[in-house]
Amino acid sequence: MEDSSQGSFVATINEDYEAICWGCGLNLVLPSYAPVFKCGWCGAITNQNPVRPETKSFGLRRFRDRCFVVILAVFMLFVICGGIWAAYPVLFSISLACGIFHSVTTATLAISTLSTFILVAFKCAGKPTNILYGTHPGVGNGALNNYTFCNYCSKPKSPRTHHCRTCGMCVLDMDHHCPFIGNCVGAGNHKYFIAFLISAVISTSYAAVMCVYTLIHILPPIEKGAAYASDVAHVAHGNSISILRVVKNICLTYIANAVFISVRSLVLVYLFVASVSVAIGLSVLLWQQLSYIYEGKTYLSHLSSQGTEEDGEKSCRNLLTFFGCPHSIERHLPTIRNLRKRHKT
């Protein structure tokens with residue numbers, strides 16, 4: 001009886017569990033087994049059940065990205081070259097000054113869009129700095145606070161760093177991986193990505209306006225009867241029904257005469273539809289990006305903070321800091337904010 005009671009007593013004692021911290025190399029004594037634990041010296045977080053790296057679909061993802069990059073580059077060149085071929089003979093026929101003005105505008109927007117696209121596609125998205133790890137004498141107290149170990153790169157990974165399996169590297173302040181540029185958007189090229197979106201939205205909006213302006217000068221005139229004149233008169237007074245009726249009559253007239261429409265007109269119509277569609281999509285993306293920057297977040301940090309009480313500091317300073325504005329401008333922001341609070345009270 002004594003042996004059995006003694007054996008049951010020993011079985012209830014919890015044995016200490018030893019583990020090694022990858023950050024400083026110290027042997028840690030844990031009260032029990034824990035799949036994830038944090039070192040009390042260096043602050044590194046160790047995951048004892050790491051996810052095994054997968055490299056099977058790496059080549060397929062890279063091939064997909066290259067295809068998207070080629071498609072986007074061809075589309076941009078088609079919009080530029082197709083617009084020049086279809087619109088500029090008409091613009092120069094209106095007046096020489098008109099043609100020169102739009103030529104300079106097109107060249108400026110094309111250079112801006114293509115240069116920012118090249119920068120965001122080929123510039124490093126943000127390689128994290130190398131940091132010493134693995135040896136206790138070289139790693140100070142709290143030097144690797146909240147760092148984790150990337151099993152893909154076999155390097156330390158800071159809380160602001162995420163690994164991209166498509167690019168095959170860790171990216172500092174990673175926002176997302178964009179297949180249309182074949183690159184990640186991170187600390188190294190985020191500003192160029194925003195500049196590319198702004199330039200692309202302005203360029204596509206300008207292309208849509210120029211397509212409409214050119215089509216007005218080359219499409220056959222509409223037969224204007226008494227009903228058409230009456231509808232136009234009501235449009236002048238803001239009648240929405242008359243506006244829809246006028247647009248309907250114009251569309252039906254051009255559809256009926258589609259056989260007589262030139263190839264130049266068809267190209268302009270396609271460019272208009274494509275430009276408007278792309279401009280709307282990029283405008284939504286640009287607004288989303290600026291909203292995250294205003295909140296002091298990235299897209300990935302926004303996803304990770306969902307369902308929690310973590311909320312970034314919403315301030316215009318985040319936008320000014322992101323774009324590298326001088327500190328003299330930031331000094332006036334608290335004054336403006338305080339004035340708004342005083343007016344509210």
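Here the Cβ of each residue, glycine as well, is placed from N, Cα and C on the backbone.
Not measured: the values here are computed from a predicted model.
Look at Swiss-Prot and you will find Cys178 tagged as active site, S-palmitoyl cysteine intermediate, backed by similarity to another entry. Around Cys178 (active site, S-palmitoyl cysteine intermediate), the C-beta neighbours below 8 angstroms that are at least 6 residues distant in the chain are Cys184, Val185, Phe193.
The domain 'DHHC' annotation in Swiss-Prot covers 148-198 and is backed by sequence analysis. Secondary structure counts, DSSP: the domain 'DHHC' (148-198) has 9 helix, 20 strand, 22 coil.
What Swiss-Prot lists as transmembrane segment is 67-87 (among others), and the listing cites sequence analysis.
Per Swiss-Prot, the feature transmembrane segment maps to 91-111 (among others); the stated evidence is sequence analysis.
The annotation transmembrane segment is assigned in Swiss-Prot to 192-212 (among others) on the grounds of sequence analysis.
What Swiss-Prot records for 266-286 (among others) is transmembrane segment. For the transmembrane segment (266-286), the residues of the chain that approach it from at least six positions outside its boundaries are 75, 79, 82-83, 85-87, 194, 197-198, 200-201, 204-205, 207-208, 211-212, 214-215, 218, judged by C-beta separation under 8 angstroms.
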